[in-house]
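Beneath this line is the structure, given in structure tokens, with notes to follow.
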Amino acid sequence: MKIKLNNVLILHLTVFVWGFTAILGALISINETHLTWYRVLIAFSSLYLWFKYKKIDFRVNKEQFLKLFLTGGIVGLHWILFFGSIKASTVSVAMVCLSSLTLFTAVLEPLFSSKSVSKLEILVGFLIILGIYMIFKFETEYETGIIMGISSAFCASIFSIINSKQVKNRAATVITYYELIGAFCWISFYLLLTNGYTKAMILNLSDIIYLLILGIICTSVAYVAGVMVMKELSAFRVALITNLEPVYAIILALFIFGKDEQMTNGFYAGASIILATIFLYPIVKTRLEKRKLSKNLHP
């Protein structure tokens, strides 16, 4: 029981650290593309050191490498759009828009598998769309940030679905490592094509500190810790706790940035609909599955 409680606390701390990612995105002065480039460079380098220290075999064959390398491009685009959303709007707007990941996954997953869309997922999708509509209606000055945030969620949904298949064959940390390398290479190529290697990439001391925290603690360490405890907890509990990420981030943003993060009542109404929906979704889904199982066992 004590071990399980420790795992729950570690996962909460991990999700809290993930939420802090958005805060760092707002604090770092360079643009979203350069920010992501530095983040993935630091993250895959620190993961490499972790593998070497723990003597973990992280080799993959050419086919697996190619798939992960290509998926890394989507991962990189997701982070660029996410940090772009923060810089074009606020942490709160970006985090709530990212929560539409649940909607995109419900719609896209059946296209990648034989799974059919359930009535519950249709209802979840409708409620999330309603919440996004309310945010759009009341936060017109942040349209660019909202669009980038929703696009970021779309990308996250795609690579999450791809990774759900990949994780059956390789450890999640190994998958992350090669996707980070892929993201770094794709972003490097993009910067080369667009003459993006400019003086704008030069970092001040605070940016260096924030990027090290972002790349090592908020990415590598948090991800390794999260994967380790997730193996010991039920999928239901993991889903509930990870859905708290936007809540932690919004509270942190209000505490750190104050008035800059204060939004209209319409925003909070829309955000409440979205966050309540994604939090209640695993609860309702689990109950429906238990009821269905009970009927099958006792017709």
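Any Cβ shown, glycine's included, is placed from N, Cα and C.
Heads up, TrEMBL stuff is auto-annotated, nobody curated it.
Going by TrEMBL, these are the annotated features:
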TRANSMEM  7-30  transmembrane segment
DOMAIN    9-136  domain 'EamA'
TRANSMEM  36-53  transmembrane segment
TRANSMEM  65-82  transmembrane segment
TRANSMEM  88-108  transmembrane segment
TRANSMEM  120-136  transmembrane segment
TRANSMEM  142-162  transmembrane segment
DOMAIN    144-280  domain 'EamA'
TRANSMEM  174-193  transmembrane segment
TRANSMEM  208-229  transmembrane segment
TRANSMEM  236-257  transmembrane segment
TRANSMEM  263-284  transmembrane segment
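Stretch with the most C-beta contacts under 8 angstroms to the transmembrane segment (236-257), considering only 7-30, 65-82, 142-162, 208-229, 263-284: 7-30.
Residues 33-34, 36-37, 40-41, 43-44, 47-48, 51, 56, 58, 60, 64-65, 68-73, 75-76, 79-80, 159, 163, 166-167, 223 of the same chain sit 6 or more residues outside the transmembrane segment (174-193) yet have a Cβ under 8 Å from a Cβ within it.
When each of 7-30, 36-53, 263-284 is checked for Cβ pairs under 8 Å to the transmembrane segment (120-136), 263-284 comes out on top. A mean pLDDT of 90 is what the model gives for the domain 'EamA' (9-136).
Beyond the transmembrane segment (7-30), the same-chain residues lying 6 or more positions past its ends with a Cβ under 8 Å from any Cβ of the stretch are 38, 82-83, 86-87, 90-91, 94-95, 200-201, 203-204, 206-207, 210-211, 213-214, 217-219, 221-222, 225-226, 228-230, 232-233, 237-238, 241-242, 244-249, 252-253, 256-257. Using a Cβ-Cβ cut-off under 8 Å and counting only residues 6 or more beyond its ends in the same chain, the transmembrane segment (142-162) has close neighbours at 67, 71, 74-75, 77-79, 81-82, 84-90, 93-94, 96-101, 103-105, 108-109, 112, 132, 135-136, 179. In summary, the transmembrane segment (88-108) does not lie against the transmembrane segment (36-53): fewer than three C-beta pairs, each 6 or more positions apart in sequence, are under 8 Å. Tertiary proximity for the transmembrane segment (65-82) is limited to same-chain residues at least six positions away from its ends with a CB under 8 Å from its CB atoms, namely 22, 25, 32-33, 36, 39-40, 94, 98, 148-149, 151-152, 155-156, 158-159, 162-163, 166, 175, 178-187.
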